[in-house]
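A short worksheet on the structure shown next.
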Amino acid sequence: MGAVVSRWRAKPSTVEVLEGLDKDIQVLEEYREKNHKQLKLWVYRLLLYSALLYLMACAVVYAWYIPERMIGKLIVASPFLLFPLLIWLLRKLLIILYNKRTERNNEKLEELKAEKKKILEQVMETETYKNAKLILERFDPDSKKKLELETQPIGPTVTPRQGQELRHRLVSPRPTGRPPPVPVPGPSVPGTPLSAPGGPPEKGLSASTPQALIRRPGTPVGTPIPVMGMHPPGPPLARPVLPRERGAVDRVIEYLVGDGPQNRYALICQQCLSHNGMALKEEFEYIAFRCAYCYFLNPARKTRPQAPRLPEFAAEAKTSQDPPAVAMETDLPVSPPAPESKEAGPEPVKAGDGDPQTDEIPTEEMKPGDPEPHTDIPDKSDGEQDVSAMEVE
């Protein structure tokens, strides 16, 4: 009869089984906390009452009854020596008893938790998604918290400032088995300057994008269309960012050469505090760069010193400026002085006002193309020179 009645009874549902397990687990956890509190309370009471009893016994024996003989004194003092040891043993016994209770309680608790975990795994395999989600939210909140932590991004969310854009790459999956499409350059518009790769977007590019973004027939709306000449905004980094993961060979080479992250300085933008690569110690103070994110021009901290000009270059420049005058001075002939006659006086011969000065040729009127003066004047003998001197007198 009982078997027939048990057949007609409905089996408990998964929710009811989990509720019963939750109640048992909660009772066992409360019992464990209760045992822990009772252990502390009993140990505290044992030590307190034993200390008070010990002090009272010492005071009574000292006040009313102290034997005169040495043997009597030892017999009276022996309980006072054994009493602390007895209290220590009682404390150890209490700790052992409560530890055994706690161990049995923990074993039952682990069994119930394992059974609950097994039922939850069966629920995830057998129940529908909606029922499984409700059961997990109700009876397994830890797994829900783990899923939320996994889905949440690690670190603070980056909000772009005004004038600063975050660069995202749109990667469209290519179909396997087909060759990649060859880009066909469109008609170039004359007069529109092309932007350098990695530079800030120019106006000419924005004017040509509406024509390039026209959707071709047969392409879906959501698929991105590649545009010729498009590049991420911002100039390239002033110096490349060194890789974080470096091998042993790279470290050895950096140690021998004296290069590496520990020997470089980071280029931080003064406006948006963004990292723009690393520069060497020698060029850090003299480098000026434009930020790759906010386009702010960061000036150099110091101006690079320039070496003074050598004096040889100045002398060469002076000589190259006036070569004709030097040539004229070197080309003038030095005529030998005419021998003076005995009759001639010490006074020099003065030419008349009307006589032209044929002997003196000014160097200012001479030109490089004129013939040299010594080629036109014939040489005279000593006798002819004496006759001409007498005629002048």
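Including glycine, each Cβ sits where the backbone N, Cα and C put it.
Feature annotation from Swiss-Prot assigns topological domain 'Cytoplasmic' to 1-45 (among others). Per-residue pLDDT, averaged across the topological domain 'Cytoplasmic' (1-45), gives 81.
Swiss-Prot lists 46-66 (among others) with the feature transmembrane segment, giving sequence analysis as the kind of evidence. The list of residues near the transmembrane segment (46-66) in space but at least 6 beyond its ends in sequence, with Cβ under 8 angstroms from a Cβ of it, reads 73, 76, 79-80, 83-84, 87, 90-91, 94.
Within the chain, the transmembrane segment (70-90) has long-range Cβ neighbours (under 8 A, six or more residues past its boundaries) at 46-47, 50, 54, 57-58, 61. Annotation source Swiss-Prot lists transmembrane segment at 70-90 (among others), citing sequence analysis.
Feature annotation from Swiss-Prot assigns topological domain 'Cytoplasmic' to 91-393 (among others); the stated evidence is similarity to another entry.
Here Swiss-Prot flags 95-130 as coiled coil, drawing on sequence analysis. For the coiled coil (95-130), same-chain residues at least 6 beyond its ends with a Cβ under 8 Å from one of its own Cβ atoms are 14, 17-18, 21-22, 24-25, 28-29, 31-32, 35-36, 38-39, 43, 136, 139-140.
Annotation source Swiss-Prot lists region 'Disordered' at 146-209 (among others).
If you look up Swiss-Prot, you'll see 176-190 marked as compositional bias 'Pro residues'.
Positions annotated as zinc finger by Swiss-Prot, on the basis of similarity to another entry: 269-294.
Under the heading region 'Disordered', Swiss-Prot lists 314-393 (among others).
Look at Swiss-Prot and you will find 340-353 (among others) tagged as compositional bias 'Basic and acidic residues'.
Among the features that Swiss-Prot reports, compositional bias 'Basic and acidic residues' is placed at 364-383 (among others).
The residues of the zinc finger (269-294), classed with DSSP into helix (H, G, I), strand (E, B) and coil, number 4 helix, 8 strand, 14 coil.
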